[in-house]
Amino acid sequence: MLTSSGYIQHHLTNAQMCTVDGSIAFNYACADAGFWTWHIDSLLFSVGLGVLFLFVFYKVGQKATTGVPGKLQCAVEMLMEFVSNAVKDSFHGRSPVIAPLALTIFVWILLMNTMDLIPVDFIPEAAKQILGVPYLKVVPTTDMNITFGLSLSVFALIVFYSIKIKGITGFVKELTLQPFNHWAFIPVNFILETIALIAKPISLSLRLFGNLYAGELIFILIALMPWWSQAALSVPWAIFHILVIVLQAFIFMMLTIVYLSMAHEDH
């Protein structure tokens, strides 16, 4: 019989794929695979939601009209205007990439976070009964690999635009001559600025992961309670969690815009 701790552990375990002795293995066989383990559920759901985002926006763009728009077109236009205003208010450089990037980050993370509102046993149990999959996590942002992948992409853009706008020399000066503008403090400046630079992707990823992981864990704990108390607890928490879902996507987007704006500042 599955215990409470076993139930929690089961729902927090990813569907894994790895290579063992030259052949592909899954789940239990990947216990000792270490770094070279693929979380295939996180990959499938994140890519699938990304494709859904592209498909919906593409279809809306194709059917866009200057007349009376439909409900979906109104929603997409409001979302695009919201992101566009956020970029105009926070980004002070010139780049046609930032607004589409911010829109992609916000909508993609929002879709991945929204998966947390699906009942915790619904999709995993269906996958187990139909496909025989023993483990399945449906919320990609509760997987640190996904959140770190997103934040490392942002980090790469920060470094790229810093070098592009300021040049190699300007980027090195930024790391070595701030905050103390004296050659004697170059080692101290380099350590402080390097830590500050590396802290950006780490804080981005851990903030998103921590909030969604905690939310998922609370849903799992509620599912362990007697049936008569589940509705009384799950509905209020789901309503509150909607705020968390939207807020975390917004924070990730805004910090990305701010960091890239800082990278475009030419001192």
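Quick reminder: no glycine exception, Cβ is built from N, Cα and C everywhere.
Look at Swiss-Prot and you will find 38-58 (among others) tagged as transmembrane segment, backed by sequence analysis. Proximity of distant same-chain residues to the transmembrane segment (38-58), defined by a Cβ-Cβ separation under 8 Å and at least 6 residues beyond the stretch ends, is recorded for 14-18, 72, 76, 104, 107-108, 111-112, 115, 135-140, 143, 145-146.
If one looks beyond the transmembrane segment (98-118) by at least 6 residues along the same chain, the residues whose Cβ comes under 8 Å of a Cβ in the stretch are 45-46, 49-50, 52-53, 57, 79-80, 83-84, 86-87, 91, 138-142, 146, 150, 154, 157, 208, 212, 215-216, 219, 238, 241-242, 244-246, 248-250, 252-253, 256-257, 260. Here Swiss-Prot flags 98-118 (among others) as transmembrane segment.
Annotation comment: Swiss-Prot describes 145-165 (among others) as transmembrane segment, evidence class sequence analysis.
Per Swiss-Prot, transmembrane segment is recorded for 208-228 (among others), and the stated evidence type is sequence analysis. Through the fold, the transmembrane segment (208-228) approaches residues 4, 7-8, 11-12, 109, 113, 116, 119-121, 139, 141-144, 147-148, 150-151, 234, 237-238, 241, 244-245, 248, 251-252 of its own chain, all at least 6 residues removed from its boundaries and within a Cβ separation under 8 Å.
Only residues 6 or more beyond the boundaries of the transmembrane segment (238-258), in the same chain, are considered here, and those with a CB under 8 A from a CB of the stretch are 83, 86-87, 90-91, 98, 101-102, 105-107, 109-110, 113-114, 116-117, 141, 150, 154, 200, 204, 207-208, 211-212, 215, 219. Annotation source Swiss-Prot lists transmembrane segment at 238-258 (among others), citing sequence analysis.
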